[in-house]
Amino acid sequence: MPPTMVEHNGLDMCLNKYCHSSSSSSSSEQDKKMFSKLKLSLSGDYPRKNAEILSGQYGTNLLLIGVALMLAISHHGPSVKEEHLLSFVTCLMILQLIWMMWYILVRERQKNTRTEKDVHATTCWIRGGLTLLALLSLIMDAFRIGYYVGYRSCVSAVLGVYPVIHATHTIAQVHFLWFHIKDVIKSFETFERFGVIHAVFTNLLLWCNGVMSEAEHFLNNHKRRLSALGYGNLTIVHSEPHCNCTTSTCSMFSSSLFYLYPFNVEYHIFVSAMLFVMWKNIGRTIDLSSNRKRLATKTQGLTVGPVLGLLALASTIGILVVYVTHVEESLKMRQSAISMFYIYGIVMLVFMCSAGASGLIIYRADHVPLDTSKNPSRQLDTELLFGSSIGSWLMSWCSIVAVLGADSSPPYRWTNLIYSLLIVLEKYIQNLFIVESLYRKQEDGEREDPELPASPEIFSVTSSLAPPYNGIINRAYVTPDRNCSTMENEQEESGQVYRCPRKPSEVPLTVGNKVKEPTNIKRQILKNIAVFLIMCNISLWILPAFGCRPQYDNGLEQETFGFSIWTTVLNFAIPLNLFYRMHSVASLFEVFRRV
């Protein structure tokens, strides 16, 4: 073979090799780009969504395990007993205690780094109310311990360990709520999701346990009442241990527990809602422009609302005392007590519907746009309002069907119908009023000219709207709004007052451009409506919480649906109704502060 041919073939081979390597390198670069895009997409929302789904499924299964144990206990069989459920719940509380201790220690080590906070997650008055509920729960734990001491010779040791762990859990959780519930977690996000959701469903399980115990207590009382009236074939469950109490206070402890259950139940459901907001805030980017501390609430002109609310509360206490004392007596006295309750409820609900409708009319007349910014706390409030309304709506529609289809005609038949219809209408109007109030865009209370823009352009030298500063140094450049809102968030918990740079609305306008401040009659009316509705919802919570439940006693629904079906409906609906009333109080207080 000639040398030239060899050289030519070698050159061809070299060129082919070069071309092949060039094409392979370009394809490898394309593969790298595709891989980097895929990696970028996977490192975005997918791990966060996966962590949310995994932690949510974990918490749901914890709750379902506890519910399965409760259903087995309600059968009163020999295989599953109350101490098995309490052992499971005690283990969950211990795990939550370990997680909270770990979280607090990590935050102490990172105290030099700034932790973002969501100022909308909770308020001081909500935490103060939860602290009061926690104190009542601690009293209930003390009664449980005293009850265990009296029967310690014949009951499981779990009945003594559970209240001790529950008291420790309550104290630690209140501390956590006061100092860390507003934290926006940005480190160890996946692990923290599981920790927070574990706390959420642990409190939900404790709520379910309290609801089950309270419902069983009222059901046994209802069976005793029916047995006294001559109804047979009703099994009354005796929960007392099969031994004598070694102290003289066992009966007092056991009877007092059921007066404290409503407070314990409300405590756990509110804590689970607050912790759920914390879970939703994990990894969230806070919008600092909407994350500012609110101004102090003004209370001028509050007369009609508080007076009417206190009148409703006082009448509620009277109705409760009369109902509880007369429902246990003769048939005629029982019917008169039930009729009295329905007439009282009709009057109360008519006033509540009128107040809520008046508030909606005032809102409709203003044409203020809605606030569409992301706010997990506000979104959860709305969802809980509608979700918890289902219980009383179901109970009301069952009562309506029973009244229209019943053969008997007691004196309270048609008042029961009107009361049930008003319950549906009142919740409908009140939900609209609360949601309308929470989603309305806030007006700047310090602004005097509504046409003056609130943008930072007011501090610009070139802005034609900026008033003269007469040589005063503009502090907006020294401490920008971003740092101001951050310092406000950080100093909110400690109670320090930090004065931000003056907003454009705080700068006095010239005499020729000053606009007369509008009257606040609408705001005063809305505040009075909110206070009145707060007191009414407290009243409607007190009645069923402390034994005034005519749905058990009127007999109309039981005649239509049967004993087992109707008691099942009540066991589902009444706890939701109690939560709805207390949650409405919290939401309406927020409405009062926002008006």
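Along the chain as shown, the residues are counted starting at 1.
A Cβ is built for glycine as well, from the same backbone N, Cα and C atoms used for every other residue.
No curator has checked TrEMBL annotations; they are predicted automatically.
Database features (TrEMBL):
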TRANSMEM  58-78  transmembrane segment
TRANSMEM  84-105  transmembrane segment
TRANSMEM  125-147  transmembrane segment
TRANSMEM  159-179  transmembrane segment
TRANSMEM  191-212  transmembrane segment
TRANSMEM  258-279  transmembrane segment
TRANSMEM  300-321  transmembrane segment
TRANSMEM  341-363  transmembrane segment
TRANSMEM  384-405  transmembrane segment
TRANSMEM  417-439  transmembrane segment
TRANSMEM  525-543  transmembrane segment
TRANSMEM  563-580  transmembrane segment
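If you look at the transmembrane segment (300-321) against the transmembrane segment (563-580), you find fewer than three C-beta pairs under 8 angstroms, all six or more positions apart, and that falls short of contact. For the transmembrane segment (159-179), same-chain residues at least 6 beyond its ends with a Cβ under 8 Å from one of its own Cβ atoms are 82-83, 86, 89-90, 93-94, 96-97, 100-101, 103-104, 122, 127, 130-131, 134, 137-138, 141-142, 144-145, 147-149, 151-152, 199, 206, 267, 271, 274, 493.
The stretch in 125-147, 258-279, 384-405, 525-543 that contributes the largest number of Cβ pairs under 8 Å to the transmembrane segment (417-439) is 384-405. If one looks beyond the transmembrane segment (525-543) by at least 6 residues along the same chain, the residues whose Cβ comes under 8 Å of a Cβ in the stretch are 299, 301-306, 308-310, 312-313, 315-317, 319-320, 323, 341, 348, 351-352, 355-356, 358-359, 362, 430, 433, 437, 578, 581-582, 584-585, 588-589, 591-592, 595.
Remote same-chain residues near the transmembrane segment (341-363) are listed as 308, 312, 315-316, 319, 323, 412, 415-416, 418-419, 422-423, 425-426, 429-430, 432-433, 436-437, 440, 522, 525-526, 529-530, 532-533, 536, 539-540, 543, 548, 550 (criterion: CB distance under 8 Å, separation of at least six residues from the stretch ends). Residues 62, 65-66, 69-70, 73, 158-159, 161-162, 165-166, 168-169, 172-173, 176, 180, 192, 195, 198-199, 202, 205-206, 209 of the same chain sit 6 or more residues outside the transmembrane segment (84-105) yet have a Cβ under 8 Å from a Cβ within it.
The largest share of C-beta pairs under 8 angstroms with the transmembrane segment (258-279) comes from 125-147, of the ranges 125-147, 384-405, 563-580.
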